[in-house]
Amino acid sequence: MATAVRSGRLSSWQSFCQWVTDTNNRIYIGWFGVLMIPCLLAATTCFIVAFIAAPPVDIDGIREPVAGSLLYGNNIISGAVVPSSNAIGLHFYPIWDAASLDEWLYNGGTYQLVVFHFLIGISAYMGRQWELSYRLGMRPWICVAYSAPLSAAMAVFLVYPFGQGSFSDGMPLGISGTFNFMLVFQAEHNILMHPFHMLGVAGVFGGSLFSAMHGSLVTSSLVRETTENESHNYGYKFGQEEETYNIVAAHGYFGRLIFQYASFNNSRSLHFLLGAWPVVGIWFTSMGVSTMAFNLNGFNFNQSILDSQGRVLNTWADMVNRAGLGMEVMHERNAHNFPLDLATVESTPVALQAPAIG
């Protein structure tokens, strides 16, 4: 080692380490990237192959397989990688645990392969963001912001199946499968009435509003550096020291549009809010899904409001309850699991009132 250093020569391992951690590479690899790249490649390759050609999967564990691939009659909208069978439950199900490849495919082993590699890959991607920020001397807030969508993926692909007792309850990897997951989640957990979901909606929609407001304000107060016949965008030079827009003008406009203290006079605190608002909202949504995974559900307004004559006063909660019961009846209808709230001896009071005829 000492001889190699003195002579200026590096071993193969040292050269590899230097290349992996070199921030001058066109694309930074990093040690987290060494884990991320093969995992995401494996997940992507398996997902594409399964989406195109995977055979039907016995998702409910009742020998009634559900087809999700394109070659079995689906299109881009209806296709999905179907979650692993309810007969597998939470068991780790690699290829070598099945008696044959056909059995592994029938029980939905592809779903576990894709999801586990994907979760490891996106977790390593967050680590890679921190690693590159550290090596460049930047603050670590980029990976903190990325932790919001990462936590959401962990919630629907890992925490929720663990709470429900089977990976068959995980979110299918497809467009209509995602919508089905959302409808069933509402039917079983009343997520619309959960305060954490409400905070998540405020975070996502509020973040979109703030982003649009900020972008439009900046674009409307650019410092003109070009002639009338040229685009404003040509007046910006990459790396220029001076501000590209007039923050005083933007502050004055917005302060007069609403009120003075609704407008930021500090660009740094403004951009912190733009980053923190949606991130905190998505964190709350992830926590909400994680708590509902263990059946700590949204607010339950089963008792309808009655007037002095005993007549139902319809509310939004009644509409949500009726919709939830309908979705619950349609879910897994071949598994013959009748919803418990419809199978009880005492009927659940909902806003159902027969119209007067004649």
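Cβ atoms here come from the backbone N, Cα and C positions, even for glycine.
Computed from a predicted structure; not experimentally measured.
Cross-referencing HIS214, HIS232 with the quinone binding residues that Swiss-Prot gives (SER263, PHE264) picks out HIS214. Figure note: comparing Cβ neighbours within 10 Å for the binding-site residues ASP169, GLU188, the maximum is reached by ASP169. Remote same-chain partners of the transmembrane segment (28-45), defined as residues 6 or more beyond its termini with a Cβ less than 8 Å from a stretch Cβ, comprise 19-22, 113-115, 117-118, 120-122, 124-128, 130-132, 135. Long-range C-beta contacts of HIS331 ([CaMn4O5] cluster binding site), restricted to its own chain and to partners at least six residues apart, with a cutoff below 8 Å, comprise LEU183, VAL184, ALA187, GLU188. The number of other Cβ atoms within 10 Å of the Cβ belonging to TYR125 (pheophytin a binding site), over all protein chains shown, comes to 20.
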